Ligand code: ADP
Ligand code: 5GP
């Protein structure tokens, strides 16, 4: 006799989401969490976005971002090379499609660190994607972190804080929220969500 009993519906196979999107307001600590995670698990693959913003001190082309001109970004869009792209606080950012597809086809977990608009686009085109929202412990702490980073002018900080209000209001669109109180804890939680540990 077969193990399946009559009258019951077989369990659907568990399909693990292979693409994880990490979003959250500027200054909440996304890059810090991802850097820590990759220090512990260097095998976790993070998509390197293209951007028209200028590099911050210490940022290297091809590492944190592919730094491109406006014309180059236009071409990436025109050639269909971006999985998604968005304008954020005066600059454009986009996810190169090919590298992500290659990893997913190889069955490897993929992590995107992108803004809210990008997260929404990914949700539309890849409904199985897992959307993770990184939230600050408080508004004041977010302002402290963004200002304390010291990489943006007061005008740019103001612009990013305006965007942060919109992003915080969209938290419920995400599958999971992680509050970035401890970088180590959040990195561990993110790894667990990605099924790496
Ligand atoms: P994002 O990538 O989200 O814009 P960053 O990773 O650049 O943010 O972090 C912004 C600032 O906050 C940095 O100076 C970073 O060192 C600091 N930071 C990040 N996570 C924490 C945390 N859990 N506690 C205190 N400071 C943090
Ligand atoms: P920053 O200038 O601080 O590195 O990034 C600004 C914002 O752009 C962050 O919210 C970051 O997650 C987002 N971002 C980075 N790369 C991409 C991308 O490829 N696509 C989208 N939509 N947003 C991105």
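From the backbone N, Cα and C atoms, a Cβ is placed for every residue, glycine too.
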Q. In TrEMBL, which of 1-22, 23-44 is labelled region 'Disordered'?
A. 1-22
Q: From the binding-site residues listed here (25, 26, 27), select those whose CB sits under 6 A from an atom of ligand 2.
A: 26
Q: Please determine which of the binding-site residues listed here (25, 29) has the lowest count of neighbouring CB atoms within 10 Å.
A: 29
Q) Which one of the binding-site residues (26, 31) has its C-beta surrounded by the most other C-beta atoms within 10 angstroms? A) 26
